[in-house]
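According to Swiss-Prot, the features are:
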type	residues	note
MOD_RES	Thr2	phosphothreonine
TRANSMEM	29-46	transmembrane segment
BINDING	His118	chlorophyll a ChlzD1 binding site
TRANSMEM	118-133	transmembrane segment
TRANSMEM	142-156	transmembrane segment
SITE	Tyr161	site 'Tyrosine radical intermediate'
BINDING	Asp170, Glu189, His332, Glu333, Asp342, Ala344	[CaMn4O5] cluster binding site
SITE	His190	site 'Stabilizes free radical intermediate'
TRANSMEM	197-218	transmembrane segment
BINDING	His198	chlorophyll a PD1 binding site
TRANSMEM	274-288	transmembrane segment
Amino acid sequence: MTAILERRESASVWGRFCNWITSTENRLYIGWFGVLMIPTLLTATSVFIIAFIAAPPVDIDGIREPVAGSLLYGNNIISGAIIPTSAAIGLHFYPIWEASSVDEWLYNGGPYELIVLHFLLGVACYMGREWELSFRLGMRPWIAVAYSAPVAAATAVFLIYPIGQGSFSDGMPLGISGTFNFMIVFQAEHNILMHPFHMLGVAGVFGGSLFSAMHGSLVTSSLIRETTESESANAGYKFGQEEETYNIVAAHGYFGRLIFQYASFNNSRSLHFFLAAWPVVGIWFTALGISTMAFNLNGFNFNQSVVDSQGRVINTWADIINRANLGMEVMHERNAHNFPLDLASVELDSIDG
């Protein structure tokens, strides 16, 4: 009898816990994805803050020349970064217990791998949590689908690219200047500006910004008049009021006359689907481009593609970009390589010829 009562009590405790986790009445929805999201994101955030402030220099290139990234080692907010895991570690899973000491783990850039893996798991769970809450509220799943674009981009930069290049040391440093350094090196090694998927991503981001600004300005400008013709339309409203003032018919008419009739939407759902889909699809393509360039399927190469009747090269913008790429590659890992890979791989007989 005692055992039966204990089993019922424990079952009720578990049931209450499940109900609390999945309740949509909580101020912040937790959900089963949140059970994993909360500790992973807290871990990633905590280690990032500590490492950004106090992590010792990291031997990123695996050549016993550590690079300092933390504030206590001479950096500021702009130059500081979490330095990627050493090339000596490569793609090995490198938790603290795999190193002989904490000092060795820090020297080899262990915090970077810890932060990145916990962060990616956390943001993936956040996406799952969005779907879970939508499901419990009877909504459609497109919020999570839209969020999959930045999740895919982060996964491409922090996981797929290092896998393709063979080392976490090729991942993006976690800092402002580190991000720009990663972009410059990526251009030098993969010619990303000439990759069509990157072009689609640029169109998605800048186009999304343009459409967002156009939509916001139209909504705030299309007022349902509550004043007489002799008064300003603004007099009937106050900034930030909750009541809707938007008239989609007026906005449609304005925009149709500004450009042409079929450039505007007269259906609110179609309009907002377009506003969501344009940047999401663009960023999906960018993530796909990063993932293909990770395995060295690079941007278009039009170097020395225009010649005259005598076979002499007529330089184009592509040749200027190629020269800039070589210059950036020379500056990158200057102590690890004598020449850029493009120059080091030239056949000797072609030089002699």
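Every residue gets a Cβ built from N, Cα and C, even glycine.
When the binding-site residues His198, His332 are scored by other C-beta atoms within 10 Å, His198 scores highest. When Cα-Cα distances from Glu189 ([CaMn4O5] cluster binding site) are compared across the recorded positions His118, Tyr161, His198, the shortest belongs to Tyr161.
Each residue contributes its Cα atom, and for His332 ([CaMn4O5] cluster binding site) and the residue listed as 'chlorophyll a PD1 binding site' these two points are 22 Å apart. Applying an 8 A CB threshold to same-chain residues 6+ apart, the list for Tyr161 (site 'Tyrosine radical intermediate') reads Asp170, Gly171, Met172, Ile290, Ser291, Met293, Ala294. Taking Cβ pairs closer than 8 Å, the transmembrane segment (118-133) reaches residues 24, 29, 31-34, 36-37, 40-41, 43-44, 47, 141, 143-144, 147-148, 150-151, 154-155, 158-159 in its own chain, all 6 or more past its ends. Figure note: comparing Cβ neighbours within 10 Å for the binding-site residues Asp170, Glu333, the maximum is reached by Asp170. The residue listed as 'chlorophyll a ChlzD1 binding site' sits 27 Å from His198 (chlorophyll a PD1 binding site), taking the C-alpha atoms as the reference points. Set side by side, the recorded positions His118, Glu189, His190 differ in how many other CB atoms lie within 10 angstroms of their CB, and the most is found at His190. Taking only the Cα positions, the spacing between Glu333 ([CaMn4O5] cluster binding site) and the residue listed as 'chlorophyll a PD1 binding site' is 25 angstrom. His118 (chlorophyll a ChlzD1 binding site) carries a helical DSSP state (H, G or I). Annotated pair His198 (chlorophyll a PD1 binding site) and His190 (site 'Stabilizes free radical intermediate'), C-alpha to C-alpha distance, rounded: 11 Å. Under the DSSP three-state reduction, His190 (site 'Stabilizes free radical intermediate') is assigned to helix.
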